[in-house]
Every structure is written in structure tokens, then in C-alpha cells.
Amino acid sequence: MTLIVLDVLSGILLVAGALFLLSGAVGLLRFPDFYTRIHAVGVTDAVGAGLILLGLLLRTTGWETGIRLVIILFFMALTSPTATHILAHAARRDGVRVWRKGDPRR
Amino acid sequence: MTTFVLIHSVLLAILIATAVAITRMRALYGATMLAALFSLVTACLFVLLDAVDVAFTEAAVGVGISTVLLLGGLALTRSREAVTPRRRRLPGAVVVLLTGGVLAYAALDLPEFGSADSPVQRHPITETYLHESQKDIGIPNTVTSVLASYRGLDTLGELVVVFTAGLAVLSLLGPLARPEQVRPPADFHLADYRVIRVVTGTLMPLILLFALYVLFHGDYGPGGGFQAGVIFASGFVLYGLVFGLDKAQQVVPRAALWLLISLGLLVYVGLGLTTMLLGGSFLDYDVLDPDHPASGQHLGILVVETAIGVTVASVMTAIFFSFAARGVSR
């Protein structure tokens, strides 16, 4: 019984993660400027990959694999927001302007 | 099987698309980033092919260190590719097409993927390595046995290649032991951003710890001296990028790097000479512990892997330092 519950739960998490990845990819292609695009990528990395890792975590059998997944999750949570943060800072420092409604896509 | 084929085809398609995009791009910073993506996808392919040792190195060197070095190089020159006149492109195209054609033609002769009667599978030495290594050397990872013990001399050759390449780059970029120059302070420090500082500070010990794990766990799983060396070096590169060259050189002074580059190689050769003095042949670790040859092998492999790690890490770090020093002194 618990196995089925875990299976369904992990399936939901995996599908949700895949949807977030997809929305991130669409956002990367469709959003109008650098800052909004980087926001889309941030969602991809943090939420999408995080949900997929959580989904996989519910499917692991041995604790060794589980610990590895938790460590990967930890590093993802640490590094990818940092990368987006410094990219946005660098863009602002370089004078990339924020898109306003009505501007053309950049 | 179909999933396997699907994943491979997708990754290979991404590789080709990336390669085409790199050739079409004039902005070299973008091309460098795409080259890093190319390496990352290659590393994924290596993992799928169960070549995790190679994937480690590809990920650390191809994605990390060489990207940083390319960016460092770009900072010294123009970052936009010059337009080549159309008639001057022809010779290049001919050379590329010829080389590609020859490679594709040669690839037709390769055994089919996963085929059981390829020369590698049929040669008796494969059986010997796989079956005898547990008895002779007694470590689970046969790759490490082959690399560090059976083919120890080949690996010494590889290390000499790394050493020579390092020396060549360092002598081209100017002596390492150059006295400190007075430089104008850069107006932009990554370390001014607290997030970067804290995250780097958190990651550094973990990266170095992981490098040590990869080094000493090479007997049991994928890893070893080369992988550990490049992970160590990427840790130092990260530190140098964030906290600046001066801080990084306080941690690892240039003189120490010079010493370490040669030290690894000297230890390796010295171990070979020691085994000769003890009455064995060059790099025959059995004589290190005559009563228990397997523990002699253990010791020998450990020393050799550490030596490789030391030289590889210091060569990579030294090359990064000299690139960075050039960038600052301009």
C-alpha cells in the first residue's frame, strides 16, 4: 500500500518537475528581455530539477542513492540561484535596461 | 534498449547542433559558453557509456577549467571573430571536409557498438586483467589496477605529457616566479557580493573534500589521481575567480606550485627507482611488501595516484594563475 502511495506521489512530483522544466524552456524563448529570461531559467533549475530529484528520492531503494540525491539537491539549491543572482547583477552593471510594457523584444 | 538509443540520439543531436552553432557564431564569449555546453553533453555521453572516469575529467576540465582559460584568453584579445573573406574560406573548408571524411571512413571499420567480438573483448589480456587483478592486486576497480599497476609506465608517460604541456604553457606565458607588480585595483570584485562570497566559502571545503574522496576512493569506484587533480584545480580556480589572484596566491604561492609540479613526477619516478633498488623491475610494486604482494600493490597504487593528483592539480592551477596574471597586468 505504502509502495503504491509512494509511486503515485513520486510520479506526480516527476510530472510537475517536467512541466516546470518545459515552462522554463518556453519562458527562455518567449520572454522579452534578459532579466525575465533569467527568471525563467531560475525556475527551471531550482523548481524543475528540485521536484524531479524529490520524485526520484521517493523511488530509491537503498539509502546510499538517497544520500547522493540529497547532496545533489543541496548543491543545486546552493549554486543555481547564485548563478542567476550574479548574472542579473552583471547585466545591471553592464547597463542592460529593464523591459517595460510596449518596448520591443530584446 | 530503445530508451538507451533515444537518449543517445538526443544527446548526439544536441552535440551536432552545438558544434554548428559554434561555427556560426561571431561573438566569441558566446562561442566559449557553447563549447562548455559541448563538453557537458560529451560528459553525459561518457556517463551513459559507463566511462565515468573520463566523464569526471571532461566535466572538470572541459566545462570548468578550459572555459575559464578561454575566457581569460578572450579578455586579453578582441572578443569578436574577424570576418574572413569568402575566397579565403575555401582552403579551410577543404581541410575540414577532408579530415571529416577520413574520420568518417575510418569509423566504418570500428566494431559495432557493444559487439561481443570486438578486438578489445576477444583479446586474452582482457580476461587476464579482469580475472587475475583481484588476486594480484586485490582492489575492486580494475580500471585503477590497469592504469596504475599493469600499465604504470604508460600512465607515467601520460603524466610526463601533462608536465611538459604545463611547462610549455608556463614558459610561453612568462616565468611563474615573477615579482609582484603594482597593478591598478580592478573596479569590480566578485567577492563584493555577499551571496557569492558565502556560497564560495561553503563550497570550497566540499570541493576539496570531494577531490580527496575521488583520489582515495579510486581503488573502489571511478576516480583516481587525474580526476582528483582536476577537481582540486577547479576548486582553486573558483577561489581565484571570486577572491582575486592575490588572495589565491596567498593560499598557494607560485614557488610552491613550481615545486609541486615537479614533485608529483619525481615521486612517481622515484617510486619506480625504489622498486628497482628493492630488486624488482621498474614500477613493480610487489617488492614494496615482499610477504604480502597485494598490500605492496595497494601502497604503490596509492603513491602513484597521489603523485598524479599533485602534478595535475598544480599544473592546472599554475596555468590559470599565469593567464589571470596577464589579464590583471594589462
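For all residues, glycine too, the Cβ spot is worked out from N, Cα and C.
Any TrEMBL annotation is an automated prediction that lacks curation.
Averaged over the domain 'MrpA C-terminal/MbhD' (B:14-77), the predicted model reaches a pLDDT of 91. The domain 'MrpA C-terminal/MbhD' annotation in TrEMBL covers B:14-77.
Look at TrEMBL and you will find B:121-174 tagged as domain 'MrpA C-terminal/MbhE'. With DSSP classes pooled into helix, strand and coil, the tally for the domain 'MrpA C-terminal/MbhE' (B:121-174) is 45 helix, 0 strand, 9 coil.
Annotation source TrEMBL lists domain 'Na+/H+ antiporter MnhB subunit-related protein' at B:195-317.
Feature annotation from TrEMBL assigns transmembrane segment to B:6-22 (among others).
Feature annotation from TrEMBL assigns transmembrane segment to B:29-49 (among others). Counting only same-chain residues 6+ beyond the ends of the transmembrane segment (B:29-49), those with a CB under 8 A from a CB of the stretch are 4, 7-8, 11-12, 14-15, 18-19, 21-22, 55, 58-59, 61-63, 66-67, 70-71, 74, 79, 81.
Summarising the annotation, TrEMBL assigns transmembrane segment to B:55-77 (among others).
The transmembrane segment feature in TrEMBL is assigned to B:89-108 (among others).
As annotated by TrEMBL, transmembrane segment applies to B:159-177 (among others).
Residues annotated as transmembrane segment in TrEMBL: B:198-216 (among others).
The transmembrane segment feature in TrEMBL is assigned to B:228-245 (among others). Same-chain residues lying 6 or more positions outside the transmembrane segment (B:228-245) and placing a CB less than 8 Å from one of its CB atoms are 56-57, 60-61, 64-65, 68, 186, 189-191, 196-197, 200, 203-204, 207-208, 210-212, 214-215, 218, 251-252, 305, 308-317, 320-321, 324-325, 328.
Here TrEMBL flags B:257-279 (among others) as transmembrane segment. Counting only same-chain residues 6+ beyond the ends of the transmembrane segment (B:257-279), those with a CB under 8 A from a CB of the stretch are 152, 156, 159-160, 163, 166-167, 176-177, 285, 287-288, 300, 303-304, 306-315, 317-318, 321.
Here the transmembrane segment (B:299-325) has long-range neighbours at 61, 65, 68-69, 72-73, 137, 139, 144-145, 148-149, 152, 155, 159, 162-163, 165-166, 169-170, 173-174, 176, 178, 211, 215-216, 218-219, 224-226, 228-230, 232-234, 236-237, 240, 245, 248-249, 252, 254, 257-258, 260-265, 267-268, 271, 275, 283, 285, 288-289, meaning same-chain residues at least 6 beyond its ends whose C-beta is under 8 angstroms from one of its own. According to TrEMBL, the transmembrane segment annotation covers B:299-325 (among others).
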Same-chain residue ranges lying at least 6 outside the transmembrane segment (B:55-77) that approach it to Cβ under 8 Å: 28-29, 32-33, 35-36, 38-40, 42-44, 46-47, 214, 222-223, 226-227, 230-231, 233-234, 237, 241, 316, 319-320, 323-324, 326-327, 330
Spatial neighbours of the transmembrane segment (B:6-22) far in sequence, C-beta under 8 Å, 6+ residues away: 31, 34-35, 37-38, 41-42, 44-45, 48
